[in-house]
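Visitor: This is the structure, below, for whatever I ask next.
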Amino acid sequence: MRHLLGIAGWRRDELEALLDRAQAHLPGGPDASHVLRGRVVANLFFEDSTRTRSSFEVAARKLGADVLNWSYAGSSVSKGETLLDTARNIEAMGPAVIVIRHRSSGAPGLVARHVKCAVVNAGDGAHEHPSQALLDAFTLRQRWGRLDGRTVLIVGDVLHSRVARSNLLCLKALGARVVLCGPPTLLPPGLEEMGGEVTHQLDAVLPQADAVMCLRLQTERMSEAFLPSQREYSRLFGITPARAERMKPDALVLHPGPINRGVELSPVVADGPRSVILEQVANGVAVRRAILEACAS
Amino acid sequence: MTPVLFQRARVIDPRNGVDGVRDVLVTDGRVAQVSEAPLPAPKDARVVDATDKWLVPGFIDLHVHLREPGEEGKETVLTGCRAAVAGGFTGVVAMPNTKVVNDSALVTELVLSRARDAGLCHVYPAGAITKGLKGEELSEAGELIGAGCVALTDDGRPVMNAGLMRRVLQYATQFDVPVMVHEEDLTLSAGGAMHEGATSTRLGLRGIPSSAEVAMVARDLVLLEETKGRLHVAHVSCEGSVRLIREAKQRGLRVTCEVAPHHFTLDDRAVGDYDTHAKMAPPLRGDVDVKALREALVDGTVDAIATDHAPHGVSDKLVEFEKGINGIVGLETALGLTLALVHEGVLTPRRAVELLSDGPARVFGLPGGHLAPGAPADITLLSPSEEWTVDAHRFYSRSRNTPFHGRTLKGRVTQTWVGGRCVFEDGQLKESR
């Protein structure tokens, strides 16, 4: 049993092995419906996330697991129960793996230190979202074979993005160069220490990118005045058709979803030939099958 | 009261310029004689062989949360005093942010009465600047000071309203007590859980920039200059603050400040893997700040080491980092952490003792802090090089929230004397009741 709390702490060969394992879980691969038969995967979602929760649920069912879906809405948490009490109660039902999504950074780690089963982080605060990073890397690897020597440009609200942090760590570990781009108010200090390069000049770096990973603009942050307006953000950092023209001919566009169409990504680009957004979603199930298999074994 | 003769101690008394082997005689609860030549023991005197020990003025902690009234599950005046004397402190200043807030003589008197019942060390209450710590109306400072408060503070909360802060500094000049401030611009720290830096980015936690503190220090120094008041800056945590305070002192402003042991010992990396025991306000800062604080301890910019002893229950810390309550207990680890700076060669023994005794006594105008004949016999006797491992479960404090559990420290209190009475000896409390 091993937890997946973040990309941090995993070696390149371990990440590669996980991605190799995901390869076998692609549609048309060998039947794996017995892998977790009779075992329980508990989805603890303290924050709304239809996409990630569904993906983990489909992955678990395809491995033959029984799925326990717990969500905070109307739960004992609203009656004042602590995170650890909730987790220990779920643990008492005997799951092989607890998949946890939480708005507080570090919450899955806290649970992992106090339960006996494996814990998978399905996104915690602005900390990490490792399964997303693995499926993104998987998608790029599928196109490129290797990530070595490739430049991935991550654009947008890095400050609040767990996807950006996990991707920075994961892509760097797999040999890619990672450039982070966004307004200064949304790029926190210390990204260089995590291996990233930082810029605010999208148009200058765009032609270097082999892939552009857009982050969802968290419009709920707008009231905190990180940005003057969506309109200005879109002008400075939106991937428009004109900007897409200036990218390398074979450069890819990724987005973790859900997209604010016309803000961080124009519909033409999102649905265009560069986009691998739906491949990301499809690969997500295979990658999460590999994660659950690895953690439950 | 039995006379006491301490023999062959290394007496360090910064105020009186003493650092050397001396005999010290205590009679009637006061220091009677400090002598280079051996003193004869009076009849019936208790004789303490203090060879290889340091005999220093009892420590005074300007910043302690005793939690009574209101949160007695975390600490009481009694348990806080036990922790204090076990840590070598003979006096503590009790913060007013109890539940009920100490914004009236009634609460001040309650705390003093509990302290008398405890009978262990001096407790000096601090009164709230504003009623209910709400930052709106001035509390009745005259009444508070009349009842025994030694300073005014809304500790834990900044006085965000600059106009109100200006009036407090003005108003307090008539009593000549310091206004003690927790410097934090809430619009800059909002939502932050730790110091803003590479570690907060890695952990995905909202950061509190240094400017949240420095900007308020700057504001209050401007107000201080205008009002000619007395300002005491609590738990200074960053480089910018000490720079401003140093400059202000050079210009003759009546500003003093304190630094907490955790801020000169740990930096923000101590948060590690979301360790809520490393969560405090102000937060643990960067390594540049730690270095600056150490320099400020050496050069006199810092007047006192104060622990900001903040007891909390286990369930307050066993939660998501963002939900964790700020603060750590500090009374029983302060000496070891301060002496670490001596053992590292940062501080001289004399300066370390000054920061724990004379400095704080001067800042708040408290008795003690020195050992001249006639001074109260508030004395700490310590083994400067004795190693021990912090075991939070053995604290006298009612709470165990410390990031130093398991750490080996060098320097241990062997005896604490208050008013000529031994209240702590060889790890055991000597309670009168």
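Cβ coordinates are placed from backbone N, Cα and C, and glycine is handled just like the others.
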Visitor: Since TrEMBL lists B:Asp155, B:His235 for Zn(2+) 2, which candidate among B:His122, B:His182 does it give for that site as well?
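Guide: My reading of TrEMBL gives B:His182 as the candidate in that site.
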Visitor: Given that TrEMBL assigns B:His65, B:Leu66, B:Arg67, B:Asn97 to the substrate site, pick the one from B:His277, B:His312, B:His343, B:His370 that the record assigns to that site as well.
Guide: B:His312
Visitor: According to TrEMBL, B:His63, B:His65, B:Asp155 bind Zn(2+) 1; so which of B:Asp299, B:Asp303, B:Asp308 is the extra one listed there?
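Guide: Of B:Asp299, B:Asp303, B:Asp308, B:Asp308 joins B:His63, B:His65, B:Asp155 in the Zn(2+) 1 site that TrEMBL records.
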Visitor: From the DSSP assignment alone, can you count helix, strand and coil residues within the domain 'Amidohydrolase 3' (B:281-424)?
Guide: 48 helix, 30 strand, 66 coil
Visitor: What kind of secondary structure is B:His63 (Zn(2+) 1 binding site) part of, going by DSSP in three states?
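Guide: In three-state terms, B:His63 (Zn(2+) 1 binding site) counts as strand.
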Visitor: Determine the Cβ neighbour count for B:Arg67 (substrate binding site): the number of other Cβ atoms within 10 Å of its Cβ.
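Guide: If we count other Cβ atoms within 10 Å of B:Arg67 (substrate binding site), we arrive at 26.
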Visitor: Counting every protein chain present, what is the number of Cβ atoms, excluding its own, within 10 Å of the Cβ of B:Asp155 (Zn(2+) 1 binding site)?
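Guide: Within a 10 Å radius of the Cβ of B:Asp155 (Zn(2+) 1 binding site) lie 23 other Cβ atoms.
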Visitor: List the Cα distance (Å, whole number) between B:Asn97 (substrate binding site) and B:His182 (Zn(2+) 2 binding site).
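Guide: That comes out at 12 Å between the alpha carbons.
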Visitor: In whole Å, how far is B:Arg67 (substrate binding site) from B:Asp308 (Zn(2+) 1 binding site) when you measure between their Cα atoms?
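Guide: About 12 Å separate the Cα atoms of these two residues.
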Visitor: In whole Å, note down how far the CA of B:Asp155 (Zn(2+) 1 binding site) lies from the CA of B:Arg67 (substrate binding site).
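Guide: Just about 13 Å between their Cα atoms.
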Visitor: Cα within 10 Å of B:His235 (Zn(2+) 2 binding site) is the criterion; apply it to the binding-site residues B:His65, B:Leu66, B:His312 and give the hits in sequence order.
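Guide: Final answer: none.
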